[in-house]
Amino acid sequence: MRTFTWRKGSLSKVNTCYVLAGGKSKRFGEDKLLYEIKGKKVIERVYETAKSVFKEVYIVAKDREKFSFLNAPVVLDEFEESASIIGLYTALKHAKEENVFVLSGDLPLMKKETVLYVLENFKEPVSVAKTEKLHTLVGVYSKKLLEKIEERIKKGDYRIWALLKDVGYNEVEIPEELRYTLLNMNTKEDLKRILAIENHY
């Protein structure tokens, strides 16, 4: 594993993380965020990783009680629809600072090193992780995007990638040795892969 260093410039700009936890887990067949891997719920693993980097970490969700076991501050989604862009909008609207880190709640293999790598390569207004695909829910977003996001939500356009194409963004190419940390747990097949990787590391 390579060694990562913190750049003061990046960290001074990004002190807050929002973990998005408002999805329905339809493809997984049960609530994936509450699924336990080695004695810890998926959302718990992601939250602890975020806490190891940021001064403030919030959970963005539709149900405050559901995540009470984390003893973490919960921000309730601004809209009823279950879409990632709703969580993003809620996070940016709640944010006190200009830039915040956004992290999907279904990344049980996420590591501090991956988060730091994205931070080190942060450029405004948006920087998101990239492997063979773009990971729009692992990155830094600016509050300046609020108006454009709201416009898209009102039109029923929930595509984050379309938003990024519109506003411009920076792709942070994740090193090969950290790419496994970006594996989403959407299905039971994903879970099998995640458990195999977890046992390997």
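Using N, Cα and C of the backbone, Cβ positions are placed for all residues, glycine too.
Quick look at what Swiss-Prot lists:
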type: BINDING; residues: LEU20, ALA21, GLY22, LYS32, ASP77, ASP106; note: GTP binding site
type: BINDING; residues: ASP106; note: Mg(2+) binding site
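Counted within 10 Å of its Cβ, the other Cβ atoms near LEU20 (GTP binding site) come to 24, all protein chains included. Shown are the binding-site residues ASP77, ASP106; the one with the most C-beta atoms within 10 angstroms of its own C-beta is ASP106. Using a 10 Å Cβ-Cβ cutoff, GLY22 (GTP binding site) registers 21 neighbours. In the three-state DSSP assignment, the secondary structure recorded for ASP106 (GTP binding site) is coil. Take the CB of ALA21 (GTP binding site) and look out to 10 A: across all protein chains shown you find 29 other CB atoms. Overall, the recorded GTP-binding residues LEU20, ALA21, GLY22, LYS32, ASP77, ASP106 cover a maximum inter-Cα distance of 19 Å.
Annotation note: LYS32 (GTP binding site) sits in a helical segment as assigned by DSSP. Within 10 Å of the C-beta of LYS32 (GTP binding site) we count 25 further C-beta atoms, all protein chains included.
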